[in-house]
Amino acid sequence: MKTLWMVLCALARLWPGALAGCAEAGRCCPGRDPACFARGWRLDRVYGTCFCDQACRLTGDCCFDYDRACPARPCFVGEWSPWSGCAGQCQPTTRVRRRSVRQEPLNGGAPCPPLEERAGCLEYSSSQSQDCGHSFVPAFITSSVFNKKRIIQAVSPQWSTHTKDAGYCMEFKTESLTPHCALVNSPLTRWMQYLREGYTVCVDCQPPAMNSVSLRCSGDGLDSDGNQTLRWQAIGNPRCQGTWKKVRRVEQCSCPDVHRFIFI
């Protein structure tokens, strides 16, 4: 078969236009396009009508020079934009970041990755710079990683210098949770998969989630006797929620990182 192919190629040199293909026709088309064809040798070594569209790989009727004339080019995207502010004030909502396409995929190249990401957030200052957002029940929690990105004075200017380091940790024993916590798989919500029934978790109460007057976090359960069932909800996935009971208050959280969260 290889010898026959070499003979055909040699004969083609004596037959003008026999090796016409995508390059000579100047064609490279997306998807399936019956009008995107040329006359020449196909990759399956049949001479006749051959195609220069993206679907020819599946149908096996590409022109012999398709790979060279129409190389696959993957999608290229730019860098992520900075995170936006919260979409609303004084209530659980979302923030967003986006990136743009620098080059669309061509000729079956790798598709574009997600161009938008959302994450939960809660602002504690209204448009009139009034302290707010502390009256929510149940307790709203998120990953402790988010705590590193909170800027105290920008969110709540009422905090004085000597109270910036105020805070405490609440330990809870998880009683129940919805199955939706284990179904999320984005980088920003993966922490929810570590919530488990019967586990003890730690939740930090830090500014700005801490009320600047009461020095408490909403939903901290500090006043419960330990037998009261309290409710919590994960920021970023409202269907991830459940119940827990207070274990104790401590000054510093000592749980493993995957079982350490913050009030928000």
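Note that Cβ sites are derived from N, Cα and C of the backbone, with glycine treated the same way.
Annotation comment: Swiss-Prot describes 1-20 as signal peptide, evidence class sequence analysis.
Broken down with DSSP, the domain 'SMB' (24-75) shows 10 helix, 16 strand, 26 coil. The domain 'SMB' annotation in Swiss-Prot covers 24-75.
CYS36 (disulfide bond): 21 other CB atoms within 10 A of its CB, across all protein chains. According to Swiss-Prot, the feature disulfide bond maps to CYS28-CYS36 (among others).
Per Swiss-Prot, the feature disulfide bond maps to CYS28-CYS52 (among others); the stated evidence is sequence analysis. Neighbour count (other Cβ atoms within 10 Å of the Cβ, all protein chains): 25 for CYS52 (disulfide bond).
As annotated by Swiss-Prot, disulfide bond applies to CYS36-CYS70 (among others).
Per Swiss-Prot, disulfide bond is recorded for CYS50-CYS63 (among others).
Residues or ranges marked as disulfide bond by Swiss-Prot: CYS50-CYS52 (among others).
If you draw a 10 Å sphere around the CB of CYS56 (disulfide bond), it holds 24 other CB atoms from the protein chains shown. Taken from Swiss-Prot, the feature disulfide bond covers CYS56-CYS62 (among others), and the record attributes it to similarity to another entry.
Note on CYS70 (disulfide bond): other Cβ atoms within 10 Å of its Cβ, all shown chains, come to 24. As annotated by Swiss-Prot, disulfide bond applies to CYS63-CYS70 (among others).
Annotation comment: Swiss-Prot describes 74-125 as domain 'TSP type-1'.
Neighbours of ASN227 (N-linked glycosylation site), defined as other CB atoms within 10 A of its CB across all chains, total 7. As annotated by Swiss-Prot, N-linked glycosylation site applies to ASN227, with the evidence given as sequence analysis.
CYS28 (disulfide bond) sits 5 Å from CYS52 (disulfide bond), counting Cα to Cα.
Mean pLDDT, taken over the domain 'SMB' (24-75), works out to 88 on the 0 to 100 scale. With respect to their backbone Cα atoms, CYS52 (disulfide bond) and CYS36 (disulfide bond) stand 6 Å from each other.
The Cβ of CYS62 (disulfide bond) lies under 8 Å from the Cβ of ARG42, LEU43, CYS50, PHE51, CYS52, CYS56, each of which sits 6+ residues away along the same chain. Residue environment of CYS50 (disulfide bond) contains 25 other Cβ atoms, counted within 10 Å of its Cβ in all protein chains. Between the C-alpha atoms of CYS63 (disulfide bond) and ASN227 (N-linked glycosylation site), the distance comes to 74 Å.
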